[in-house]
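Feature annotations, courtesy of TrEMBL:
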| type | residues | note |
| --- | --- | --- |
| TRANSMEM | 32-51 | transmembrane segment |
| TRANSMEM | 63-83 | transmembrane segment |
| BINDING | H79, H204, H208 | Zn(2+) binding site |
| TRANSMEM | 95-114 | transmembrane segment |
| TRANSMEM | 126-144 | transmembrane segment |
| TRANSMEM | 151-171 | transmembrane segment |
| TRANSMEM | 206-226 | transmembrane segment |
Amino acid sequence: MKTRDCLKTKHGKDLTFGSEEKKPTTFPLGSLPCQFWIIPSILGSSILYILSDDHWETISAWIYGFGLSGLFIVSTIFHTISWKKRHLRTVEHCLHMFDRMVIYFFIAASYAPWLNLRELGPWASHMRWVIWIMASVGTIYVFFFHERYKLVELVCYVIMGFFPAVVIISMPNRDGLLELVAGGFFYCLGTVFFKSDGRIPFAHAIWHLFVATGAGIHYYAIWRYLYRPDTVEAKTSR
Ligand SMILES: [Zn+2]
């Protein structure tokens, strides 16, 4: 029963990637930049864990590590399965959904260290939870409407990506802001290619390249400004 739900809408429309020609054209090459990031993201997350001085830093390292590594792992599994086992349509479709759901958690996880470890305004304490509610709502949306309203999907990602920034830019200590903006810029630019599959050659691979670059910049900022031992100003009171 789940199989049918997964593949068809109630109107009987096949939801497996919308249609065959809309499938990203560069499998499994598409996720190559992300495949390269799996090991570094696990190692990088371990470094943050080792550098953690207290409870909050440890929790944030776990959350961020799971979000970062999870994104690359899920993306790689999805692209590999799609390439190798195209006859497994149900698995492929569910993984495609999972690939999209994990983006919401990745965005939340990317913000978590800043919201947990930086001294921010009174709204920050709410935003710590709001981001996870947003990620959950996004996940539910993907579950029910995956690939149905593609523009809405994109708008949801953009809102999720920008909304917590309202709190982040209010932080008195602005170290790392430049890197956060730079990483966000790469993600935003990447969405142009994300939406251009089939029109621009290797668009999906380029999208992944932008994601990998944005994630790399954000990791650097988190490591440098929130975890590096000599970053005295980052070790503010929670
Ligand atoms: Zn992809």
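Each residue, glycine too, has its Cβ placed from N, Cα and C.
Whatever TrEMBL says is automated annotation, not expert-curated.
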Taking the Cβ of H79 (Zn(2+) binding site) as the centre, count every other Cβ atom within 10 Å, in any protein chain shown.
25
Residue with minimal Cβ packing [other Cβ atoms within 10 Å] among the binding-site residues H204, H208:
H204
Verify whether three or more Cβ pairs under 8 angstroms connect the transmembrane segment (206-226) with the transmembrane segment (63-83), leaving out any pair fewer than 6 apart in sequence.
yes
In the same chain, which residue numbers or ranges, 6 or more beyond the ends of the transmembrane segment (206-226), come under 8 angstroms Cβ to Cβ?
30-34, 36-37, 41, 44, 47-48, 51, 57, 60, 64, 68, 71, 75, 110, 113-114, 117-118, 175-176, 179-180, 182-187, 189-191, 193-194, 197, 200, 234
Do we see three or more Cβ pairs under 8 Å linking the transmembrane segment (151-171) and the transmembrane segment (32-51), pairs being at least 6 apart in sequence?
no
I need to check the long-range neighbours of the transmembrane segment (32-51): which residues 6 or more away from its ends have a CB within less than 8 Å of a CB in the stretch?
57-58, 60-62, 64-66, 68-69, 71-73, 75-76, 113, 205, 208-209, 211-213, 215-216, 219, 222-223, 227-229
